[in-house]
Amino acid sequence: MPAVGIAVGDNKKEYPGNLTPFVTVTCIVAAMGGLIFGYDIGISGGVTSMPSFLKKFFPSVYRKQQEDATSNQYCQYDSQTLTMFTSSLYLAALLASLVASTVTRKYGRKLSMLFGGVLFCAGAIINGLAKAVWMLILGRILLGFGIGFANQSVPLYLSEMAPYKFRGALNIGFQLSITFVILVANGLNYFFAKIHGGWGWRLSLGGAMVPALIITVGSLVLPDTPNSMIERGQHDEAREKLRRVRGVDDVDEEFNDLVAASEASMKVEHPWRNLLQRKYRPHITMAVMIPFFQQLTGINVIMFYAPVLFNTIGFGSNASLMSAVITGVVNVVATMVSIYGVDKWGRRFLFLEGGFQMLICQAVVAACIGAKFGVNGNPGELPKWYAIVVVLFICIYVAGFAWSWGPLGWLVPSEIFPLEIRSAAQSINVSVNMLFTFIVAQIFLTMLCHLKFGLFLFFAFFVVLMSIFVYYFLPETKGIPIEEMGQVWKTHWFWSRYVTDEDFPKAGGYEMTKGGQGPKNV
């Protein structure tokens, strides 16, 4: 093992507990909070390639598409109004996630999930009934508020509820629900686009009510996490809930550690100001850099605009939606691979392997598109084998993302924060994610118009940077109880200069030795 990370040994502290049916069902229901985020990602790209939608709301784009069908393919969809429709949601999600921090901390994770479902449902109704662009953008803003609340609370809920041995797999259920509903949304777009009369886009946008109702009802029936109950002073109820969640009576050690973490948390009056303390330097770095890099893998370029991209490569309108369905299937299958492997192979291995895979594919796709489209964006007649090669490498790229940066970009930040800063730090994580999703969505079509095939090389450069960052600065967090996570920073070659034994004292005899030997009981 290189000196840059730590390996978790077999002698680590273990809390008793099982993967009970209760916690499994609970985590599956909670993970459905990802449905609203995934539905929007899957629907928005398909709707913006429907001619009837463009003709009604974005006539200038529609005219350019009709007139320039044989000319510059790179610049066909370059419209700031069109991208504002897509990306306004992410600014709203950014703002909502900051508010959600207070709600999540003071009133529990469930209430944030409920707000997320209700707001998303309201936005879906307005979008489905939209008569003008302002209604579309208002609806998108409400959808964004919903996503901000859900994305802030669901990953925290899953990481707190899951037994630490299975935390990775259960948390990735959130990403699985995102990828599954992206696939469903792409399929719906494919069929709705065929509706005579051109009103299928209303069904696509209004259909967002279904995942919104699922998370709304789910939040009402879910139990609160023991961590959250302790944080709000409900100790007796929390102990009973912990017994039920773990499936054993002997939960004293874990309960006492949770109470100790909560007492430390109660001393923190201003969690936002506390984030600036030296001992939280590694946490805040990860809360910013992981979502920043996740968006600059270029995945949203593929998933938001997959139909647009395939259309640009030379597929017909229906064929482009079908191609997006193909990438959706790959996305779901690869996320299942991550669920299987994250607690076996570890987080670092998946991050690094996925990064290498994405880098190779981006280079190949850039070469393919560059060879045929050149710099003037006029490919002429595209042979079928060429289109198949591009789709194949895009699929391999999507697979690399879906078992690495996709799920781990939500899992790792949600499991590393101490309780006293957990809500605030998770809000920063979501805010950075949404900010760069907004920036990428807003400037992608303009960048495609100007950078052309070089856009893929632009994102490939960031994939190299993020892989270097993970290799040197991210310790392995597999198999470590969530309230013991402070120990991984104290043994890391770089972060140990910021974190001391006084900052995160050993709880219950948990100790980690230098040199990557991992934790042991003393």
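For all residues, glycine too, the Cβ spot is worked out from N, Cα and C.
Predicted, not measured: the structure shown is a model, and the values here were computed from it.
Feature annotation from TrEMBL assigns transmembrane segment to 19-39, 87-104, 111-130, 136-158, 170-193, 199-222, 284-308, 320-342, 349-373, 385-406, 427-447, 453-474. The feature domain 'Major facilitator superfamily (MFS) profile' is assigned by TrEMBL to 26-478.
Between the transmembrane segment (199-222) and the listed ranges 170-193, 427-447, 453-474, the one holding the most Cβ pairs under 8 Å is 170-193. Residues of the same chain lying 6 or more positions beyond the ends of the transmembrane segment (320-342) and with a Cβ under 8 Å from any Cβ of it are 42, 45-46, 49, 168-169, 172-173, 175-176, 179-180, 182-183, 186-187, 189-190, 193, 302-303, 306-311, 350, 391, 394-395, 398-404, 406-408, 411, 478. Per-residue confidence over the domain 'Major facilitator superfamily (MFS) profile' (26-478) averages out at a pLDDT of 86. Sequence-distant residue pairs (6 or more apart) of the transmembrane segment (453-474) and the transmembrane segment (87-104) include fewer than 3 whose Cβ atoms are under 8 Å, leaving the two stretches without contact. Counting Cβ pairs under 8 Å that are 6 or more residues apart, the transmembrane segment (427-447) and the transmembrane segment (111-130) reach fewer than 3 and are not in contact. Counted over residue pairs separated by six or more positions, the transmembrane segment (111-130) shares fewer than 3 Cβ pairs under 8 angstroms with the transmembrane segment (349-373), which leaves the two as not touching.
At the 8 Å Cβ cutoff, the transmembrane segment (170-193) and the transmembrane segment (349-373) share fewer than 3 close pairs (sequence separation 6 or more) and do not count as touching. Within the same chain, residues 40, 111-112, 115-116, 119, 137, 140-149, 151-153, 156, 271, 423-424, 426-427, 430-431, 434-435, 437-438, 441-442 sit at least 6 positions outside the transmembrane segment (87-104) and bring their C-beta atoms closer than 8 Å to a C-beta of that stretch.
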